[in-house]
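TrEMBL has this to say about the protein:
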- 281: active site (ACT_SITE)
- 130, 280, 284, 290, 298: Zn(2+) 2 binding site (BINDING)
- 217: Ca(2+) 2 binding site (BINDING)
- 227, 229, 242, 252: Zn(2+) 1 binding site (BINDING)
- 234, 235, 254, 257: Ca(2+) 3 binding site (BINDING)
- 257: Ca(2+) 1 binding site (BINDING)
- 158-325: domain 'Peptidase metallopeptidase' (DOMAIN)
- 1-19: signal peptide (SIGNAL)
Ligand SMILES: [Zn+2]
Ligand SMILES: [Zn+2]
């Protein structure tokens, strides 16, 4: 039995002996994976990106005075966490108002509520995100406790939704003048077709592509900078996209992003998965606001080179409360997939893949080695 001891000791050390980051698989990296964060950190922490210089505020707390923290206050004001200064500009003081805004941000986005700019908080603040604010989370959040988990989806004020006759069909079209040229129109259409289908699978609403952009219900386009709707885009990273609540139908993507339909083909460190963003923005078009559940499609942030396209229980409960359920929808399989992801921990499919396949691979290799040796 003496030979089993080193073998077992070796197995116990596996997670640290073979950390997940030695097996990079960018196309399935999970948004919540801290490894993903560190891999792309150098790319989007650069001061050339909209919120890249916020890194210098890490670990600050109330009472600090740091030049430039007024820009962080402007960010928190933009996304609904801090009222506009009156009169004049924001100061560079880390005051009580800033502390309470950070606390609300942390609670809304599922972070530990410390009121400080801890590393986790500043990292999420700097991450690319949707242009819509989160202010509705403070007064319009619906919380449902179900199977010991808390769901936190939300709506726009007044709970607007599309009111077409049942069975409801919404048309969508792409702007003839505002597209990108490095992904083919066919691929972009296929991405949006899949994204619309994910929502139509759970609610009794159909989506069909129309040729007439002006008369379509949902109007999709890639825009840059100030594009006339009062919500200018900000260049690479920062704000990725935005959409308007029902029954407006505008869905705009920032043309300055490096959009990707395949991370194998698009190698950029700042590539953004088009399908993940399309699925999120369609949720807004239908009437969902942001969710505080980090796995949900309606969570506001999405890191570069991450992909999140499957609706979660939180998304489904939210949208079905607005439109009812598609009669063909099977809740059981969704709950099962949600539970599997929850059980796999923060790393999602990435770490789950390491834990299972790599474990067995090394077990087999080491068993063979033992047989050969003895
Ligand atoms: Zn959003
Ligand atoms: Zn716009």
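Cβ atoms here come from the backbone N, Cα and C positions, even for glycine.
Unlike curated records, TrEMBL annotations are generated automatically.
All protein chains shown were included, and the count of other CB atoms within 10 Å of the CB of residue 130 (Zn(2+) 2 binding site) stands at 23. The sparsest Cβ neighbourhood within 10 Å, among the listed recorded positions (217, 234, 281), is found at 234. Within the model, the domain 'Peptidase metallopeptidase' (158-325) shows a mean pLDDT value of 97, rounded to a whole number.
Under 6 Å, Cβ to nearest atom of ligand 1: this is the test, and of the binding-site residues 227, 229, 235, 252, 254 it is passed by none. Looking only at the binding-site residues 229, 254, the densest Cβ neighbourhood within 10 Å occurs at 254.
Annotated pair residue 290 (Zn(2+) 2 binding site) and residue 281 (active site), C-alpha to C-alpha distance, rounded: 10 Å. Less than 6 Å separates the Cβ from ligand 2 in the case of 229, 252, drawn from the binding-site residues 229, 252, 280 in sequence order.
Sorted by the number of other CB atoms within 10 A, the binding-site residues 242, 252, 284 start with 242, the lowest. The Cβ of residue 227 (Zn(2+) 1 binding site) has 178, 233, 252 as same-chain neighbours under 8 Å, each 6 or more residues away in sequence.
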